[in-house]
Amino acid sequence: MSHRKFSAPRHGSLGFLPRKRSSRHRGKVKSFPKDDSSKPVHLTAFLGYKAGMTHIVREVDRPGSKVNKKEVVEAVTIVETPPMVIVGIVGYVETPRGLRTFKTIFAEHISDECKRRFYKNWHKSKKKAFTKYCKKWQDEDGKKQLERDFSSMKKYCQVIRVIAHTQMRLLPLRQKKAHLMEIQVNGGTVAEKLDWARERLEQQVPVNQVFGQDEMIDVIGVTKGKGYKGVTSRWHTKKLPRKTHRGLRKVACIGAWHPARVAFSVARAGQKGYHHRTEINKKIYKIGQGYLIKDGKLIKNNASTDYDLSDKSINPLGGFVHYGEVTNDFVMLKGCVVGTKKRVLTLRKSLLVQTKRRALEKIDLKFIDTTSKFGHGRFQTVEEKKAFMGPLKKDRIAKEEGA
């Protein structure tokens with residue numbers, strides 16, 4: 001009986017079983033950072049949309065290292081993060097079996113893009129969501145009931161979370177249904193958290209009020225789907241020798257005669273990608289401001305630095321491929337993140353206390369690349385391209401027709 005001569009570690013991790021399609025499209029926060037009442041009241045998570053990647057040049061600030069004070073080129077991901085709108089407050093009580101919801105209070109006015117989340121087919125529906133609930137805020141009995149609810153939450157709740165949704169109308173996506181999630185409020189006492197959340201009902205919360213420059217965060221999302229794949233692609237098992245009968249990209253032995261079934265740990269073909277994953281320790285290189293109007297002019301230069309003073313936006317020439325233009329606030333993260341373009345990502349504050357030097361390093365960007373990401377881009381701005389290419393034939397024809 002033939003057998004392999006040497007043992008080897010198994011291919012692929014069993015820690016992520018079952019490898020099947022995620023049941024949810026938006027990344028779920030399974031645990032929030034530990035609360036610290038000595039800190040000011042703040043949110044612990046935010047939603048963003050993956051736009052694409054580019055690269056930056058920066059000077060390393062790591063005394064004692066060989067690369068200290070030297071320039072490095074690093075890949076970065078741009079995540080568009082328009083302000084989120086707070087539309088509800090949820091109070092939780094601690095029980096022997098974990099957290100249980102105590103009371104949920106929604107705002108008086110809720111936008112249609114948020115209401116769409118409560119319907120499967122908005123077009124055919126009667127669009128009656130929250131019509132009865134909003135009357136609570138208008139009559140005297142309802143107002144008294146809401147006050148009683150707020151006071152009971154202050155008395156009994158240990159954890160306060162807000163319900164916030166994204167603003168799809170600000171994004172270059174076709175989707176109209178907003179993404180909705182609960183975000184835990186940390187810092188201060190329960191009464192301070194509740195007052196903070198109540199003040200911000202129906203208000204927008206920008207990303208720079210949640211995260212800061214050079215902060216380490218976690219990214220939660222669903223990976224890019226690959227469909228049904230064979231065992232070699234899915235588990236990275238070794239290909240069999242060339243002369244193998246009935247295929248090479250297979251597992252030769254899937255188990256013993258008895259027990260007369262295939263063990264769960266044996267690599268098999270099946271779904272690859274579209275899995276729910278959490279990546280920790282992604283460093284924020286820049287929190288950029290969206291387009292704004294100042295003195296009647298549209299200000300776009302959110303990609304210029306102290307070393308590169310050219311007037312350019314974060315968008316590469318032609319926009320981000322398969323996404324479009326980033327016109328809102330954005331977060332620049334080091335390296336890559338899960339998911340395809342347009343994928344909704346959950347950004348969460350780190351659960352760990354960061355002490356490593358790389359985590360605490362100050363980032364000073366020298367240059368942000370804005371060349372076209374479709375082909376081999378050469379030009380940083382449209383003006384630079386025009387100066388190099390000279391007058392074009394189409395411009396001359398348009399000028400002649402105008403004359």
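Placement of Cβ uses the backbone N, Cα and C atoms for every residue, glycine included.
Annotated features in Swiss-Prot:
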COMPBIAS  18-31  compositional bias 'Basic residues'
CROSSLNK  LYS39  SUMO2 cross-link
CROSSLNK  LYS224  SUMO2 cross-link
CROSSLNK  LYS226  SUMO2 cross-link
CROSSLNK  LYS286  SUMO2 cross-link
CROSSLNK  LYS294  SUMO1 cross-link
CROSSLNK  LYS366  SUMO2 cross-link
CROSSLNK  LYS386  SUMO2 cross-link
CROSSLNK  LYS393  SUMO2 cross-link
CROSSLNK  LYS399  SUMO2 cross-link
MOD_RES   SER13  phosphoserine
MOD_RES   LYS136  N6-acetyllysine
MOD_RES   HIS245  tele-methylhistidine
MOD_RES   LYS286  N6-acetyllysine
MOD_RES   LYS294  N6-acetyllysine
MOD_RES   SER304  phosphoserine
MOD_RES   LYS366  N6-acetyllysine
MOD_RES   LYS373  N6-acetyllysine
REGION    1-38  region 'Disordered'
Going by DSSP, is LYS393 (SUMO2 cross-link) part of a helix, a strand, or coil?
helix
What does DSSP call LYS294 (SUMO1 cross-link) in the simple three-state scheme?
strand
Among the recorded positions listed here (LYS226, HIS245, LYS373, LYS399), identify the one with the smallest other-Cβ count within 10 Å.
HIS245
Cβ neighbours of LYS286 (SUMO2 cross-link) where a neighbour is any other Cβ within 10 Å
20
By a 10 Å Cβ neighbour count, the lowest-scoring of the recorded positions LYS136, LYS386 is LYS386
To the nearest whole angstrom, state the Cα distance for the pair LYS286 (SUMO2 cross-link) and SER304 (phosphoserine).
12
Distance [Cα-Cα, Å, rounded] between LYS136 (N6-acetyllysine) and LYS373 (N6-acetyllysine):
52
Filter the recorded positions LYS39, SER304, LYS399 down to the ones within 10 angstroms of LYS373 (N6-acetyllysine), Cα to Cα, kept in sequence order.
none
Return only the integer: C-alpha distance in Å from SER13 (phosphoserine) to HIS245 (tele-methylhistidine).
28
Can you see whether DSSP assigns HIS245 (tele-methylhistidine) to helix, strand or coil?
coil
LYS294 (SUMO1 cross-link) versus recorded positions LYS224, HIS245, SER304, LYS386 - nearest by Cα:
SER304
Going by C-alpha distance, which of the recorded sites LYS224, LYS226, LYS366, LYS386 is nearest to the residue listed as 'tele-methylhistidine'?
LYS226
What residue among the recorded sites LYS39, LYS224, LYS393 has the most other CB atoms lying within 10 A of its CB?
LYS224
Write out how many residues of the compositional bias 'Basic residues' (18-31) are helix, how many strand and how many coil, based on DSSP.
0 helix, 0 strand, 14 coil
